[in-house]
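Right, one structure below, let's go through it.
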Amino acid sequence: YGQRRHPKKLTPLAYKQFIPNVAEKTLGASGRYEGKITRNSERFKELTPNYNPDIIFKDEENTVMNQWPGVKLRVTEGWDEDGHHFEESLHYEGRAVDITTSDRDKSKYGTLSRLAVEAGF
């Protein structure tokens, strides 16, 4: 089956750097806004829960643990319905997530951002 690929060096993202290099709400980044999902909407059933024990959800990925042993991915915001985001926020559709690390070490955020990009977010 060929040779094993060598892992490429991950370059941390800079503060306020986007991949793709466009704002979150633009078509190139996330597609069209499809409308807010509420608990009573049909689309709510399409959301997929994540029960990964390596992720700490603020409301009580293995790549984070590989990068920093003992540190977990911390999701501070995912799907939301409380109305404190801008009107067409992707949080209301379950297409946006805010993340940190369990140790809240801001020096890791650039690399964390790069890991998210490499994972397809």
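Including glycine, each Cβ sits where the backbone N, Cα and C put it.
According to Swiss-Prot, the feature Ca(2+) 1 binding site maps to Glu60, Glu61, Thr76, Glu77. Annotation source Swiss-Prot lists Ca(2+) 2 binding site at Glu61, Glu77, Asp80, Asp82. The annotation Zn(2+) binding site is assigned in Swiss-Prot to His91, Asp98 on the grounds of similarity to another entry.
In this structure, the C-alpha atom of Asp80 (Ca(2+) 2 binding site) lies 5 angstrom from that of His91 (Zn(2+) binding site). Cα of His91 (Zn(2+) binding site) to Cα of Glu77 (Ca(2+) 1 binding site): a span of 8 Å. The 10 Å shell around the Cβ of Asp80 (Ca(2+) 2 binding site) contains 18 further Cβ atoms across the protein chains shown.
Each of the binding-site residues Glu77, Asp82, Asp98 was scored by other CB atoms within 10 A of its CB, and the lowest score goes to Asp82. Comparing Thr76 (Ca(2+) 1 binding site) with Asp98 (Zn(2+) binding site), their Cα atoms are 5 Å apart once rounded. On a Cα basis, Asp98 (Zn(2+) binding site) lies 5 Å away from Glu77 (Ca(2+) 1 binding site). Fewest other C-beta atoms within 10 Å: among the binding-site residues Thr76, His91, that description fits Thr76.
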